[in-house]
Amino acid sequence: MVTAEAVVDLEALRHNYQFFKNRCKASKVVAVIKGDAYGHGAVEVAKALDCADMFAVSRIEEGIWLREAGITQPVLLLEGCFCADDLTIAAKEGFETLIHHPEQLRDIETAELEKPIKVWLKLDTGMHRLGVHAEEVADYVDRLRASKNVDGEPGFASHFSCADDLNSPTTQSQLERFLAMTAPYPGEKTLANSAGALYWPEAHFDYARVGIALYGISPDENQTGKEQGLKPVMTLKSKLIAVREHKAGDPVGYGEIWHSGNDTRLGVIAMGYGDGYPRLAPEGTPVWVNGRIVHIVGRVSMDMLTVDLGADATDKAGDEVELWGNHLPVEQVARHIGTIPYELVIKLTKRVCKNYF
Ligand SMILES: *Cc1c(COP(=O)(O)O)cnc(C)c1O
């Protein structure tokens, strides 16, 4: 018997991928499945997206896991290879790689590869985390074009820092810098993440890289994915393991951080930070129980959390509850906790059983 489970709706996933194929009509859509597909299970997600143009991961091992599972589509390494050996593996596996610093360029120039590798030059357009500067681009392009290890023209990639904020002027300036830096060259371009794909059509270019929104989650914290036409992919469920009479004035849980103002019934749910549910979830964080929203009271512990069901509650031990998903948007839960949905879905531990349908 499974207690805590993350139900992953692969139909919803395919719906969301198709949503971006329609939204980015002239572009290919890269399904970003780093971090075990944001906690949804990379192999299962990749298998369900057999229609995907390309997958993207952050570490070479994530790409290897896909190949070992029989995934044959193109795979893009978002931060490139971190050493010469990885480059050899990437070429062998048919991965595409980004480069953003001189050692990676030198590795490409000096490697003996099984076959040439498609290379994307990462440009710093304002994020200032990774990427080459404007004045370095020409030298990188010349050297990549001269290398026998590079398959075709180098492509160009960059990343937005504020695309989820529609009022930020940064995105427009990143877009302009990207266009200026790539103007002399014919290579393919990729700039948009989920927020770029949703809100900045000028940024779609040849490939849109969609991560969080693929899972039905809005990159903009003031909206839910559902409001944008996406379907939530993950529903996190567990069960009530006790319903207890609770007296006015009594505390509950570690540190006695909450005392009830009135006589009530408390529900104890088998879900805690041992499952990846944040310990810092404050009083008032919503949980869906039997068709209504109730709220967390007291401290989240390793294996349990407590909710105030109300004095008239008829809920009983064994009833199913939803921590986020279909009835309760993960965006709303994240806002209460003071984090982003990305962190909630990716942090689930292996005690939470993933079930696919
Ligand atoms: C993670 C990542 C993405 C996807 O971002 P989302 O906000 O999840 O859509 C796109 N590009 C790069 C380089 C990334 O690291």
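Including glycine, each Cβ sits where the backbone N, Cα and C put it.
Nobody curates TrEMBL annotations by hand; they come from automatic prediction.
Copied from TrEMBL, the annotated features are:
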ACT_SITE  Lys34  active site, proton acceptor
ACT_SITE  Tyr254  active site, proton acceptor
BINDING   Arg129, Met302  substrate binding site
DOMAIN    233-357  domain 'Alanine racemase C-terminal'
MOD_RES   Lys34  N6-(pyridoxal phosphate)lysine
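Counting only the Cα atoms, the space from Met302 (substrate binding site) to Tyr254 (active site, proton acceptor) is about 11 angstrom. Non-local contacts of Lys34 (active site, proton acceptor) by the CB criterion (under 8 A, 6+ apart in sequence, same chain) comprise Ala56, Val57, Ser58, Arg59, Glu62, Leu78, Gly211. Residues near Arg129 (substrate binding site) in space but far in sequence (CB under 8 A, at least 6 apart, same chain), listed by position: His159. Counting only residues at least six positions away in the same chain, the Cβ atoms of Gly298, Arg299, Ser301 sit under 8 Å from the Cβ of Tyr254 (active site, proton acceptor). Per-residue confidence over the domain 'Alanine racemase C-terminal' (233-357) averages 98 (mean pLDDT, predicted model).
Of all Cβ atoms in the protein chains displayed, 12 besides its own lie within 10 Å of the Cβ of Met302 (substrate binding site). DSSP assigns Lys34 (active site, proton acceptor) to a helix in the three-state reduction. Secondary structure of the domain 'Alanine racemase C-terminal' (233-357) per DSSP (helix as H, G, I; strand as E, B; remaining residues coil): 17 helix, 44 strand, 64 coil.
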